[in-house]
Amino acid sequence: MSAADAVTDSLAGLRERFAAVREGRPADYIPQLALADPDAFGLALVSMDGHRYSAGEAEVPFTLQSVSKPFVYALALSALGLDEVSRWVGAEPSGEAFNAISLEPGTGRPANAMVNAGAIVTTALVPDTPDEPAFDRILHCLGRFAGRGLDVDEEVFASESATGDRNRALAYLIRSTGTLPVDPVRAVDRYFRQCAIRVTAVDLATMAATLAYGGVNPVTRERVVSAEVAAGVLAVMATCGMYDGSGDWLLRVGLPAKSGVSGGLIAVGPARFGVATYSPPLDATGGSVRGHAALEAMSRRYGLHLMLNPALPGSTVTLVTTADDLPSAPSGERGLRGRVGVVAAQGAIDFTAAERVLYALDESGPDGGPVVLDLHDVTAIDSVARGMLHNGLARFTADGRRAAVVDPKDLLGPVDAVRERTGRDLPRHATREDAVAGRARALAGED
Ligand code: GLU
């Protein structure tokens, strides 16, 4: 029994709690889906370190159905870019059922890529070339999201194809408005095939985790799509992923998600995890009843709601002092070192942490003396924080204060803002001792 099984315990606890729910029933408008076992209930979670956790029927195969939509949208965005894709399909919640005639008045564009109308268009946008037919691209791309080769459940495909007249009608209608780039029959055939791709809850959690991890599959470590594409897909999932239940879902669960009529459901904690459930009985919006209940409970229990971001009381700034107070101070230099301020930071620096560092800089250094910013124990600086530190150091030095930085890992990158404002480079040192000695010498030169 390992400590990490704590995550498995949580999934098993959710399964136990909601397995007895008897509401809803499996979709039957695609006859083959009605044969699903209504008691099957699997949960899986994949972490950013690529660890997979599961409970219940997490290895039972079922078809992707609409959970394919965000991933094919990701493929279309990667191939054509956001501007081109947006010419064909919008990004507004339709507030309507999955199979509604959701076409924008005027342009005829489907409302978004998560409802059937939009998904048929997205699928039609995937490049189709003799060396790589569109469906092969889709199967290959979705396999990279899942971290293994996937296949099609031909029986489910045939079953939907035999009964899918509403989707065919939608495709013809879209074609009539001029917003379907390929023949409707071919577009719908391809769309039915993508819906019939076979996965397990563990596969789905891995696919969701790839979106959470900025487009990199955390299990295989392969980059599948760019971070921008992953962010765009998550944005559309957040607003449109649960059809006409999307607003309520975002309110109560607070995670980008996508449901499918075979009973699969994914939710994404950006930079944290991908989670998936499989349970065929559906509610009125076409989403899994048990999956919905389990993810809502999980979000509430662990505080996963994206808008719920309590600031952690951090210890970003570990030291604000003068060099004189440091244990290494050589006695001969005490006078000058006493005028050098030292601010040390640690850990990963984001917006909040960078703001703390800038406040500490302002408060440091007696009598407006020089300051050493020691980033030796900093592990990473994100792009917002880097910009803030560059501009903060530029303002600081433009005010006539002298600064030096200890940045042995060069996490700050080139601080051009300081040179632009002051005409001088920011002194960089490998150790705090060197930086303090350098500032003390500079003071001696000035005195
Ligand atoms: N293949 C299904 C359809 O188009 C997908 C719907 C869904 O999963 O929500 O009707």
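The chain as shown is numbered from 1 upward.
Keep in mind that glycine also has a Cβ here, set from the backbone N, Cα and C atoms.
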Of 84-109, 318-343, 422-447, the range TrEMBL labels region 'Disordered': 422-447
Additional site residue, Tyr191, Tyr213, Tyr302, Tyr359 [criterion: listed by TrEMBL with Ser66, Asn116, Glu160, Asn167, Tyr243, Val261 for substrate]: Tyr191
Local confidence of the domain 'STAS' (342-423) - pLDDT mean: 91
Sequence-ordered binding-site residues from Ser66, Asn167, Tyr191 with Cβ under 6 Å of an atom of ligand 1: Ser66, Asn167
Tyr191, Tyr243 as binding-site residues, winner by CB count within 10 A: Tyr191
CB contacts for Asn116 (substrate binding site) [other CB atoms within 10 A, all chains]: 25
